[in-house]
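Features of the protein shown, as given by TrEMBL:
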DNA_BIND  A:23-62  DNA-binding region
DOMAIN    A:87-187  domain 'CoA-binding'
BINDING   A:97, A:98, A:99, A:100, A:101, A:102  NAD(+) binding site
């Protein structure tokens, strides 16, 4: 890679690239488990379904990892991507809203495996406060601000009902939390731009499935429209 | 749009475009609610954060919706995209695995609003069989095959524990189900290619948040590496 100008700032990596990073991470993790030592962009392409040139471009955003004729060193690339994703440190998280979804997330083992540690749950329901889910204590939502401050929490997971989303976001805005993982269907907007928000719209993925189920029918309809412009001979 | 060749087949729309469609749908739905009648690609760009030219390109995949100088008719485009996403019909769904996540999904009102109707839940736990969640009956997993056949189910939602994923996928493969919405961390592969699979990797979105939290630190590190190549004067 050649830099024509002396870089004072690095171009922000596009969201599309960022969204592909977890796929690389997962894929390389599987290769590692199977004792694969090196892999070419062509081989990665076959597993991941992105083109080899796309893969080389994506990874070039973060440095020069591959070697012509050798490919990528699986372990090295895996560790680099885990650093890029910030997975080389432990993220302390709290979860707000101990309903079914909240409980499912606290019970989900994968988070801790990757360094995401839910250390407290908050809820308004007096029947839940004082109890534990998967050994994680449930506190009153009134204690959120204090707890986050005292325990240097990085990420808050929001699984409260729709109607409580804004209020909880307002509480979080007063803290030094760094990110909100928002499972409510409410679009959270904060004035404090230091707090990053990642929205999970489960229904988007259902829409995608629905599109794919519908795709053949749709293609036929589009084809018909286009044939009107170029009628069959 | 000009077609140089007579189209016998339409180019498959890329996954990236498909993943953006729900965003258009949601955004247009909000505009409709606010009685906005027309919108330009520039205005959409401001709301959605994609470039105006990207938006025009995306929508051009499905026909010519906009009009130079007028923009898009909000209602018409909303209805078109809802058709493209297959939301103009009711999708009958079953859910397999009545744990916390399964219960959260059955209780989630948004699905039905968009025509996704969970009509039955299946579980292996005898204590749950015969009960209801949000008025939806819970049956034994032994009845999945029969139920799907009798009730012309389109989509199965898989919220079973990791260890049961393959077995349930094997049962579903014998049915005429059209799509599987897979919440298990197991990568489902079926020989029957008529069944489409949409995997929900919740952790990917957490990784994205972690990346963004880590981004400034990362940028500094990358900048340092690049400065080594072009040292400061």
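Using N, Cα and C of the backbone, Cβ positions are placed for all residues, glycine too.
TrEMBL: automatically predicted annotations, no manual curation.
The model shown is predicted, which means the values in this text are computed figures rather than measured ones.
Long-range contacts of the DNA-binding region (A:23-62) within its own chain (CB-CB distance under 8 A, at least 6 residues past either end) are made by residues 1, 13, 17, 70-75, 77-78, 80-82, 84-85, 87. In sequence order, the binding-site residues from A:97, A:98, A:99, A:100, A:101 that place a Cβ under 8 angstroms from a chain B Cβ are A:99, A:100, A:101. Residue A:99 (NAD(+) binding site): 17 other CB atoms within 10 A of its CB, across all protein chains. For the recorded site, residue A:100 (NAD(+) binding site), the DSSP three-state label reads helix. Other Cβ atoms within 10 Å of the Cβ of residue A:98 (NAD(+) binding site), summed over all protein chains shown, number 23. If you take the C-beta of residue A:97 (NAD(+) binding site) and look for same-chain residues 6 or more apart in sequence within under 8 angstroms, you find A:122, A:123, A:158, A:159, A:160, A:161, A:164, A:168. Per-class residue totals from DSSP over the DNA-binding region (A:23-62), listed helix then strand then coil: 28 helix, 2 strand, 10 coil. DSSP labels the residues of the domain 'CoA-binding' (A:87-187) in these numbers: 35 helix, 29 strand, 37 coil. If you average pLDDT over the domain 'CoA-binding' (A:87-187) in this model, you get 95.
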